[in-house]
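Peer 1: Here it is, the structure, as C-alpha cells.
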Amino acid sequence: MEGVVSVFPNKQKKLHTTRSWDFLGFPQQVQRTTVESDIIIGVLDSGIWPESDSFSDKGFGPPPSKWRGTCRASTNFTCNNKIIGAQYYRSNGDVFGNDIRSPRDSEGHGTHIASIAAGNVVNMASVQGLGSGTARGGVPSARIAVYKICWLDGCSDADILAAFDDAIADGVDLISISVGGTADSYFKNSIAIGAFHAMRNGILTSNSAGNRGPALATLTNISPWSLSVSASAIDRKFFTEVQLGNDKIYEGISINTFDLKNEMYPIIYGGDAPNTTAGFEGSSSRYCDPGTLDQNLVKGKIVLCDFLGDGEGALLASAVGTVNKGPGRRDIAFSFPLPASYLDVVDGSNVYFYINSTRSPTATILKTNERKDAFAPYIASFSSRGPNVVTPSILKPDLAAPGLNILAAWSPISPISQVEGDNRKLSFNIASGTSMACPHATGAAAYVKSLHPKWSPAAIKSALMTTADPMSAGKNPEAELAYGAGNINPSKAPNPGLIYDIDAADYIKFLCGQGYNTKLLQLLTGDNSTSCSDATNGTVNDLNYPAFALSTPPLRSINRVFNRIVTNVGSPTSTYKAILTSPLGLTIKVTPSILSFTSLGQKLPYTLTIEGTIDKFTVSASLTWDDGTFLVRSPIAVFAPA
C-alpha cells in the first residue's frame, strides 16, 4: 500500500546517582543557566514513580511554553511541574501481574533511568546505607516527559513508534530510550526509525548499546543519527565476604543489605539437596533453580550453588542465604532476595571442599562493604561491543558513560532484587546496564543543549564525542569497539572548539549510498523531493562523523580516504594543527594539516587518508585538532571483521 515504509513483525524489545557524576568530573556547582529549566527530556521506558523525591516540583515554575504534550492522569497518577507529561502505550492488549495501566512504573527501571538523566538533588540517598551520598541527575532543573512503552512482557515496536511520534509532537528537546532488540537494518528497527524522525525535528536520541557483551557485533542500537552508549565503571565497587566455620574468609560480590549478625549457619551444597519428590537429581539441584531443592534439607541453612542465579530457588526452599560460584565476570554487584555472595570458581571450590571435608560445616554471609575501584573507568563485561553489523565503517558505540553499580531512584513497590518474596521496598536502588549509561549521556547532552539551544542533534553528539576522555585499550581488549570515542566528560562538552555537523540531507545521501531506494526514502522522510541518484549517493567515508572506522581483512592493503568538514565554535580567530597517533603498519595523513579560522561558524574541509595493513584484530589511532585552547579528538579504529 502507498504510505507504507516497511513491514516487519511487531516484536518485543528488552529494557537494557550518588557517585557517577562526581566521578565524571561534573560537580553539583558546575556552571548552569536558567535555560536548563526549559529543557524537556522525553523518557521512553517503563514509566515513572511520581512521588519520588527525585521528581518533586518544589521550586519549579510552570512548564515551558513550548510544551505541547499532555498528562494522561488517572486515579493513581498525576503530573507536576517536574514531570510535565506522561502517557502510556499498550497495543498488545491487557496488562497483567504487577503492571499498572497508567504511566506509573511498577518495575523500577524507568524511574531509575529518569532520575539519572534529570532527577532532583536528593541528600542522604542510599540502599540501606550502601552507596550513601547525594543522588542527582545530570540536569536537575530539567523537565521530564514520560512515555511508558515497556511492560512485564517487554516493549513492543508499535508502542515505541507511537511514543516517538508523540514525543516529537509534544516538543521534547531530547529522547532517552534504554531499550533494544536486534539490529540488522536501519528501517526494520523501530528505534532507528523513530530516532530518524526525531533527528529531522532537531531532537537527539540517546540509546543504550545493549547488554550482550563482551561478544563482538552485539550492539542493538547502531543508527548514525542517534547516540549509542556503552557502560563504563565508576571508582566504587561492592564486595561481600563469606566466612566459613574454619575461619577462612572468601570475598565475593553482591549487594547484600541483610545482617546475619555474624551468626554461623549450617551450609549445604545444592547438589546434595535435590527435590527428589519432584523428580530432580543433584545434577539439576546444584544450580538451585526454583523447585529443584528439597526444602527439608535446605531450610535454615546456607546453600552453595554452581550458578549465578537470582536467589529465588534458595528463597523458595527457605534457605537462610546462598553462596553462588561460577566463572562469570565479576564486575556487576547483584541484589538477591536473601543474604548472598557470588564467588569465583577457585574460592567457590574451596567452599565446596570445606563442606565435604567437615562433619558439620557452617558459614555466614557478611553485609556488603564498598571500596574504591582504582582500575576505573573500564567497560563493563556485559556492555555490547561493535562493530556495527549494518555499516561497519560507522564506529559504534559512540562513547561510554557510567553504567555499572549505579544508585538512582526506584519504585518502592518493586523489590530491589526484582524477585517476588523480597519484602524490601526502597526508594533507591543500585542497578547495572547500558540502560544506566544511556541516561548519563542524555543528561550530558541536555547540559550541552542548555548552553547551546540552537545546536543540531549532530552538533551536540559531536561535542560529546570529541571531548570524551580517551580510554585504555589495555583494560578493554576490544578498544574503540567497546568504548567508541571514550568516557563522556560533561564539563568539557559544551566547549568543543570544533564540531562535525550533519543534517538530514547528509544522512539521506549516506542511505542512498547504502542501497536504500528513492521510494523508501521518500516514505520515510515524508518529502517527495528526496531522491537517490549517482549524483547524490554518498559513500560512508563522506558522512561527516566525528570518528573514523575502517573494516578490512587482515594483511589486506588499505588505501582509504575520508572527507570531513569542521565548524568553528571556539575562538573566532584560531589555528588548529593536526596531531596524529598511528600504530605500526599504518600511515595516516591529514590534508591540510593546519586549519586557520577567521570567524565563528566558519567551516573548513579536510581529508584523512589511511594506508598500510593490519596484522591483528583491531588497531587504534586518533586525530586531535589542537589550537592551544581546544583539543578536538576523533578516534580512528581499523579492525578485521570477525
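The chain as shown is numbered from 1 upward.
Cβ from N, Cα, C; glycine included.
Features from TrEMBL:
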DOMAIN    37-486  domain 'Peptidase S8/S53'
ACT_SITE  Asp45  active site, charge relay system
ACT_SITE  His109  active site, charge relay system
ACT_SITE  Ser435  active site, charge relay system
DOMAIN    542-638  domain 'Subtilisin-like protease fibronectin type-III'
Peer 1: Drop a 10 Å sphere on every Cβ of the active-site residues Asp45, His109, Ser435 and tell me which sphere holds the fewest other Cβ atoms.
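Peer 2: So among Asp45, His109, Ser435, the active-site residues given, the one with the fewest Cβ atoms within 10 Å is His109.
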Peer 1: Whole-number answer please: how many Å between the C-alpha atoms of His109 (active site, charge relay system) and Asp45 (active site, charge relay system)?
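Peer 2: Roughly 7 Å, rounded to the nearest whole number.
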Peer 1: Whole-number answer please: how many Å between the C-alpha atoms of Ser435 (active site, charge relay system) and Asp45 (active site, charge relay system)?
Peer 2: 10
Peer 1: Taking DSSP states H, G and I as helix and E and B as strand, how many residues of the domain 'Subtilisin-like protease fibronectin type-III' (542-638) are helix, strand and coil?
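Peer 2: In the domain 'Subtilisin-like protease fibronectin type-III' (542-638), the DSSP-based counts are 1 helix, 60 strand, 36 coil.
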